[in-house]
Amino acid sequence: MQKHGWVVLSVFLGGSLGTLLRYLINMQTTALLFPVGTIIENIIGSLLLGTLTGWTLVKVIVPVLKEGIGVGFCGGFTTMSTLAADAVVLGGTDSMGSLATYLLISLFGGMFVAAIGLMIGQYLANRSVKKESREWS
């Protein structure tokens with residue numbers, strides 16, 4: 001299989017796993033009136049994607065892994081369309097407080113944990129680089 005084919009396969013497999021995990025989380029939270037499952041998925045996905053991005057700013061990561069995790073898993077696990085649909089439903093229930101809470105947690109929480117993830121990824125990658133340089137010294 002050509003190099004590009006392996007990347008496509010990793011995106012497919014990562015997306016399948018991310019989507020399955022999202023489904024399992026949603027099955028556990030569907031009885032709740034507030035869309036907790038979507039918040040959990042988007043916050044965890046933002047942290048993971050931020051960490052991956054931070055790592056790749058310091059170290060090169062093979063495309064099959066980078067795309068499989070970033071585009072595949074995180075793309076399948078997180079969900080902008082569900083966030084939008086949940087917001088419309090909450091807005092239609094005359095619960096503007098719930099809608100505002102949901103949007104604030106989703107947007108600012110996601111950005112916050114993505115920034116934390118970015119720092120974690122850079123820290124771990126830098127630590128890895130230092131360890132590798134000591135091994136070669």
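Cβ atoms are placed via backbone N, Cα and C, with glycine included.
TrEMBL lists G75, T78 with the feature Na(+) binding site. In three-state terms derived from DSSP, G75 (Na(+) binding site) belongs to a helical segment.
According to TrEMBL, the transmembrane segment annotation covers 6-25 (among others).
Look at TrEMBL and you will find 32-57 (among others) tagged as transmembrane segment.
Per TrEMBL, the feature transmembrane segment maps to 69-90 (among others).
Sequence annotations record features per position, and here TrEMBL assigns transmembrane segment to 102-125 (among others). Nonlocal intrachain contacts for the transmembrane segment (102-125), taken as residues 6+ away from its ends with a CB within less than 8 angstroms of a stretch CB, comprise 34-35, 38-39, 42-43, 46-59, 83, 86-87, 90.
A sphere of 10 angstroms centred on the C-beta of T78 (Na(+) binding site) encloses 21 other C-beta atoms. Remote same-chain residues near the transmembrane segment (69-90) are listed as 10-19, 21-22, 35, 38, 41-42, 44-46, 48-49, 52-53, 98-99, 102-103, 106 (criterion: CB distance under 8 Å, separation of at least six residues from the stretch ends).
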